[in-house]
There are 2 protein chains.
Amino acid sequence: MERLTKNRERVKEILCNSDHPLTAYDISKECPEMSLTTIYRALDYLVRNGHVKSFTFNEYTYFLPSERHEDFFLCTSCGRFFQLEHCFASSYEQNLREKGMVPKDHLILITGFCSECNEKLHLQTQM
Amino acid sequence: MERLTKNRERVKEILCNSDHPLTAYDISKECPEMSLTTIYRALDYLVRNGHVKSFTFNEYTYFLPSERHEDFFLCTSCGRFFQLEHCFASSYEQNLREKGMVPKDHLILITGFCSECNEKLHLQTQM
DNA sequence: CTAACTGCAAACGGTTTGCACCTGT
DNA sequence: ACAGGTGCAAACCGTTTGCAGTTAG
């Protein structure tokens, strides 16, 4: 029978304490004493048991607590995630249910420049 | 100077004729005479020159004509994409611009079961 | 003629797996 | 004692790159 070990609890804790999705590599930087293999297996366990969920974007798989919703703005310049305040997905989902589909989850990712990076880039082009 | 060769035109044509995003591998099945390397390089050329755009989901990079919008329902049972009729991204984007962010692109992906797969799964559980 | 295109094989990088060892019950 | 957890090294697989040969303007 599978167990929620110290390592696995620690991985979950790191994800819960972070306000944005993390990659396995991000987690390994927080606890270098744990091998990457163990982190991947911990994440696999946590996903299988419903503690966390994941999505893949630009080569990387990101993990986040499953109760968190997955609507983000990603700044392609500094790589930071910003959570979107309102979730409009329910309107989509209503639409789909009317057609017989059964939506389970969603990923909304808007990319662009955050205000800080946008300012920096503006200053550069003015020089 | 880079050229829009026969191969590259063919790749673009395949993407334009498809009603859903395709992976490099999907394309290679349509034209097995072209090497995977050439397909990847063609896709790279087409993205750089604004003919097509891409997004990554679950290990695979999907390509689609750049004028197409990227709002899909993905059936996790049969793997088919269904285009969503209405694009609600503008509601998010308005919100972001008010905070000084500059949205450029978006990916909206709702996952679940399509009506056919849902029916099949229903029948199975009834037996 | 020459710059760009192509295919092969090898490299790359994030993720997974086989195996031997360790740990908790 | 034994099922399950862990770390290392190797495998895996989608994608990229180096290189030598080919093609098109």
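Cβ coordinates come from backbone N, Cα and C, glycine included.
According to TrEMBL, the protein has these features:
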BINDING   A:His69, A:Asp71, A:His106  Fe cation binding site
BINDING   A:Cys75, A:Cys78, A:Cys114, A:Cys117  Zn(2+) binding site
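The Cβ of A:Cys75 (Zn(2+) binding site) lies under 8 Å from the Cβ of A:Phe81, A:Phe82, A:Thr111, A:Gly112, A:Phe113, A:Cys114, A:Cys117, each of these being in the same chain and 6 or more residues away along the sequence. Cα spacing between A:Cys78 (Zn(2+) binding site) and A:His69 (Fe cation binding site): 22 Å, rounded to the nearest whole number. Following the DSSP three-state reduction, the secondary structure of A:Cys117 (Zn(2+) binding site) is helix. Listed binding-site residues: A:His69, A:Cys78, A:His106, A:Cys114. Those with a CB under 8 Å from a CB in chain B, in sequence order: A:His106, A:Cys114. Residues near A:Asp71 (Fe cation binding site) in space but far in sequence (CB under 8 A, at least 6 apart, same chain), listed by position: A:Gln83, A:Leu84, A:Cys87, A:Ala89, A:His106, A:Ile108, A:Leu109.
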